[in-house]
Amino acid sequence: MAIHPLDVVIMAAGKGTRMKSSLPKVLHRLGGRALLAHVLDCAAQLSARQAVVITGHGAMEVEAACARRTGASADLSLKFVRQEPQLGTGHAVQQALPVLPDDGITLVLSGDVPLTQAATLQALLAQCDGQRLALLTLSMADPAGYGRIVRAGTQASAQVRAIVEHKDASEAERAIHEIYSGIMAVPTRLLRRWLARLDNDNVQNEYYLTDIVKFAVADGVAVVAHQITDAAQVAGVNSPVQLAELERVYQQRLATTLMEQGVRLADPARLDVRGQLTCGQDVEIDVNCVFDGRVSLGQGVRIGANCVIANAAIAAGAVIHPFTHIDGEKLGVQVGEGAMVGPFARLRPGANLGAEVHIGNFVEVKNSTLARGAKANHLAYLGDATVGERVNYGAGSITANYDGANKHRTVIEADVHIGSNCVLVAPVTIGAGATVGGGSTITRDVPAGALSVGRGRQVSIANWARPVKKPGV
């Protein structure tokens, strides 16, 4: 089989009226990423020479989103062409012709069909082999709305003669169950010739890309069909209902992959991954957990129910108790080996927990580093802080890190004990082994090993009587 350069053309011009949204259809998200991003990643996996995205409705928004792309397609060469006005699929591909060299194969994909697998497309390209028109097809129980594959005979191996759009099909043609998926591979030199012959003599007065099949037959070029059985691979998104249905398919398949790798999921139907999740051996994930962005879970990590974890690395043996929210955003969050977090804890960007750190219920940590064995077990805030080993941080204590204009750091050295309900006003340093008495407001550095108490002196008034309410008040 000869090797031909591959150019991928992606249809992304449609408005998506049934989505009932101002957002261009191809930018709606599945698995936390735009539909179009999934298609671009697939193109990158095929080692395409370039991807040409045909835009129309919301073109500037689509192009801007592509410019911010990450993942497998980050290094893919990308070009954009506009389809204005939108006069059909054939007209759309005509707009791409000026940037398609004749030495290659053109693979036509849809920007709203996110679950097509690279292996499926590789098989389709092998059928094309630089000299045939190859179509990706599927047999459906209810083919309404799809273009039908018309063959020269009734045998499944019979030569493909035409694709007839549903609105133009006769009753006999509508009885055909094999449909065209919208995906084809065609030698570019032939595509250019056939697109020049298109007309809009049909019910919709549009230029159909599918009409090139009859031109191929007329020219004696073989038209082959690669038929698959997995409908999800060619399922498009045209409504919020279809998007939700496809989201469930995506999540179920991802859950199956995780379990095949050894991850224990309490309920595969109650897992949402909206990015990239990697897991070590013997990871356990309870129900209703959401993973966003890039998340890695080390060996033996346990995630309790109802946790939301985004852009975080959680090391081996750590336990994240239920209802914990971890959001690394751009700075990321690091949780060390054997650490315990939650329940009802919040780790914000820049939180870096060392090994065996304990963060308990209703504790918030932001842009702070906690060394091995440090503990903040309940009702506390640590922001812009550096916390040493074995520090005990009392309930109700906070770092006052913001002066209204700038953030300042608090340094708490090793073996410090911070009593309950303390305020550490940054910038401030608490020396190693020091103790801060409960209820203190600390505004100056505390020497190592010292006891520091910064609060009003307690006064007790003997025989004091509470005020008595006046009648009728």
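Using the three backbone atoms N, Cα and C, a Cβ is placed for every residue, glycine included.
Not measured: the values here are computed from a predicted model.
Per Swiss-Prot, UDP-N-acetyl-alpha-D-glucosamine is bound by Lys25, Gln83, Gly88, Thr89, Ser110, Gly111, Asp112, Gly147, Glu165, Asn238, Arg348, Tyr381, Asn392; the candidate from Lys15, Lys366, Lys407 named for the same site is Lys366. Under the three-state DSSP scheme, Ser110 (UDP-N-acetyl-alpha-D-glucosamine binding site) falls in the strand class.
The Cα of Gly438 (acetyl-CoA binding site) lies closest to that of Arg348, out of the binding-site residues Lys25, Ser110, Asp112, Arg348. Checked against Ser420 (acetyl-CoA binding site) by C-alpha proximity, the recorded positions Lys25, Glu165, Arg348, His378 yield His378 as the nearest.
Put simply, Gly88 (UDP-N-acetyl-alpha-D-glucosamine binding site) is 76 Å from Arg455 (acetyl-CoA binding site) when counted between their Cα atoms. Among the listed binding-site residues, namely Tyr381, Tyr402, the Cβ with the most fellow Cβ atoms inside 10 Å is that of Tyr381. In sequence order, Gly360, Asn361, Phe362, Val363, Ala395 make up the list of same-chain residues 6 or more apart from His378 (active site, proton acceptor) whose Cβ falls under 8 Å from its Cβ. The Cβ of Lys25 (UDP-N-acetyl-alpha-D-glucosamine binding site) has 27 other Cβ atoms within 10 Å, all protein chains considered. Of all the binding-site residues listed (Arg348, Arg455), Arg455 has the fewest other CB atoms within 10 A of its CB.
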